[in-house]
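Features as listed in TrEMBL:
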- 702-758: domain 'CBS' (DOMAIN)
- 75-96: transmembrane segment (TRANSMEM)
- 116-137: transmembrane segment (TRANSMEM)
- 231-254: transmembrane segment (TRANSMEM)
- 266-285: transmembrane segment (TRANSMEM)
- 318-339: transmembrane segment (TRANSMEM)
- 449-467: transmembrane segment (TRANSMEM)
Amino acid sequence: MLSNQLQNGMDRAKSMWSRLPDTDENEDDLVSFLKKNDGGGVESLDYEVIENYAYWDEQAQRGRLFVGYSVVVKWLYALFIGIGTGLAAVFINMAVENFAGWKFSLTFALIQKSYVAGFIVYLAINLGLVFSSVYIVTHFAPAAAGSGIPEIKGYLNGIDIHGVLFFRTLIGKIFGSIGSVGGGLALGKEGPLVHTGACIASLLGQGGSGKYHLNSRWLQVFKSDRDRRDLVTCGCAAGVAAAFRAPVGGVLFALEEVTSWWKSQLLWRVFFTSAVVAVVVRAAMGWCKSGKCGHFGSGGFIIWDISDGQEDYSFGELLPMTVIGVIGGLLGALFNQLTLYMTNWRRNHLHKKGNRVKIIEACLISVLTSIISFGLPLLRQCTPCPKSDPDLGNECPRPPGTYGNYVNFYCSKGNEYNDLATIFFNTQDDAIRNLFSAKTMHEFSAQSLLTFLVMFYTLAVVTFGTAVPAGQFVPGIMIGSTYGRLVGKFVVSFYKKPNIEEGTYALLGAASFLGGSMRMTVSLCVIMVEISNNLKFLPLIMLVLLMSKAVGDAFNEGLYEEQALLKGIPLLESRPKYQMRKITAKEACGKRVVSFPRVVKVADIVSILRSNRHNGFPVIDYSRNGETRVIGLMLRSYLLGLLQSKVDFQHSPLPSDPRGSMPTRHNFSEFVKPASSKGISIDDINLSSEDLEMYIDLLPFLNPSPYIVPEDMSLTKVYNLFRQLGLRHAFVVPRPANVVGLITRKDLLIEDSEDSDAMELQSTSVRARRRDRRIHTANGDVESPLLNGLLVNNTDG
């Protein structure tokens, strides 16, 4: 029974994997590819280098000057990505802070005369901002909904989801985030900033947007999926660095959470990009300190300086800190499960009814959030102000029209404050700053903290999954810091030590909830240290993160993994499933192989491309003794490019000279699919009846050295090959009959002299075997033992 379930699961996965995008660029939902009648979809990316004749001719024309030029351009792109992401983050934060500042200033001014009038204005502003956000997403950029991190993680894992990196997605993400966050919903702008950075990087890599005529030929340097992958990785790190002002945390976030492939050269460029973002953000905040940016400047970017907080901690405090880690793991796992159920219900029932329902849903949640945030503080009794300390700047109560600590909201006396309004009727950044604050002992009562925890946790679950750009970092910090401060109150009352700060436990609670929900450790630890500006808490943050992740992993997957699974993104996680050890490559692959002969009729190509959606096809040839040989892999994109250009059509069914005029007809970049479109399809190509009778010799355009695996290799090893090398296809072949040679580590060591032509391999056996690749492939009688025999795999992808 288990084998049947595994086989059914693999069949469903293959069916989903083989679906390609077809029509209607404005797909209603990213998961629509799972439905037979919807457009959009996912497609694998080609990270493998196709070493055909066009590639080698292009490489032969490149010298040391071009290599140096490409390196310089990559660093320039890293600079541009950092500047662009930093400016986008400044714009988003400036707009959110100003909208929030105007909203609260006007509301506080009105409630001095009438709380009803203040509530109406507060509700109307929130509703207008949320409506603008959901309208942009539903009518202009459907792919801008959500955080975007699962989609970007899928892209860097080798999956291209149509629409995720479009220019309109970038615009929708920026302005949609302003509306949703400024409208007071229980979500953040940090996840969307990661998506924003990825979009900026992708658009720069392809030279802009051709659809909106915002492109430049000078920027169209890197066109392969491998180069775009590196740029998008830089964009992800830049987004985190801009969101949290945490450049090192951004680098580690890209390494730990979103990328599946890494190299040392990329590490330096990602680090440089994050440093540029930090400089841009710092310069913008310095410029805004003079008051030129309205309300932006004091609240602005997320950084909660608690360097003046608790100096030290005792051994006895480790127990409550461990309890915070356990609570974070439990609440984080519960949050993931509840949001999974809510999102699944929305997709299967509510959102099927169209965009109007999505707009109504978001607006109703906005009204509910406004009622709770304004109404609950009205039910809370005010608290007398503590003695003010001018050195700490904690003025109590705050003057009317301002917001921060000790908010005077619906209080009968002038020297009172409403602790529930201090965290509820505030921006999320300032509420977290209040919860993290030191020297504010007993500012919040346990009843208020518990009330806020229950209500905000519920709002975060309900809001997640609506058709607006939504991040979960700041809501997670809000939830965690609330129960962390609650635990801190009990610790203070139990130990009765004057040096214990409730804000310290709020910070640990925030880290524990994020660890229990998102399951990040190293990057999250560094981010929390950078935003708190206190290195003394590093061991404690490590403790609660490890504890919360261990507890959360016992129940379900991380938040982004759960959402990627729900959206049908076929991620290859870092570890293969245990059951794969007992499955061979032959058992996992398909039984029917669609292949082409070396010289194929145009009509046959069109028929095969229309009858299936495979993206890779083995190409076979016959030796003089009639033996079948597999000579390489032909990609669908190459076949479509050849059919569209028609310059390689020939009348003869016999092989042409592979060293003929082909290099002058095609460039290697002509066969690369544009990043911002689905590429051409077979239905877009017009062929006459004469064209269908022509032939094409596929040898110059195929990949002569695809990756191959023996049929009895375990699926675990195949899985590791695909994930670590970023493969899209692999041939499954019978066990080879003979061995040409054996490569060891020393055969891969190269002595690099000043003259590139004098570069030699240290191994004499390898040096003796060096020869011209093209002559070797062109010889029809040369045997390829590892590719001999019939393939047994289905080359879907």
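The first residue you see is number 1, and the count goes up from there.
Cβ atoms here come from the backbone N, Cα and C positions, even for glycine.
Outside the transmembrane segment (231-254) by six or more residues, the chain places 77-78, 81-82, 85-86, 88-89, 152, 155-156, 165, 189-190, 193-202, 204-205, 222, 266-267, 269-271, 273-278, 280-281, 301-303, 471, 473, 520, 522-524, 526-527, 530-531 with a CB less than 8 A from a CB of the stretch. The average pLDDT computed for the domain 'CBS' (702-758) is 83. Highlighted: of the candidate stretches 75-96, 116-137, 318-339, 449-467, 75-96 has the greatest count of Cβ pairs under 8 Å to the transmembrane segment (266-285). Nonlocal intrachain contacts for the transmembrane segment (75-96), taken as residues 6+ away from its ends with a CB within less than 8 angstroms of a stretch CB, comprise 174, 177-178, 181-182, 189, 193, 196-197, 200-201, 204-205, 222, 231, 234-235, 238-239, 241-243, 269-270, 272-277, 279-281, 284, 288, 293-294, 296, 300-301. Counted with DSSP, the domain 'CBS' (702-758) comes out as 18 helix, 10 strand, 29 coil.
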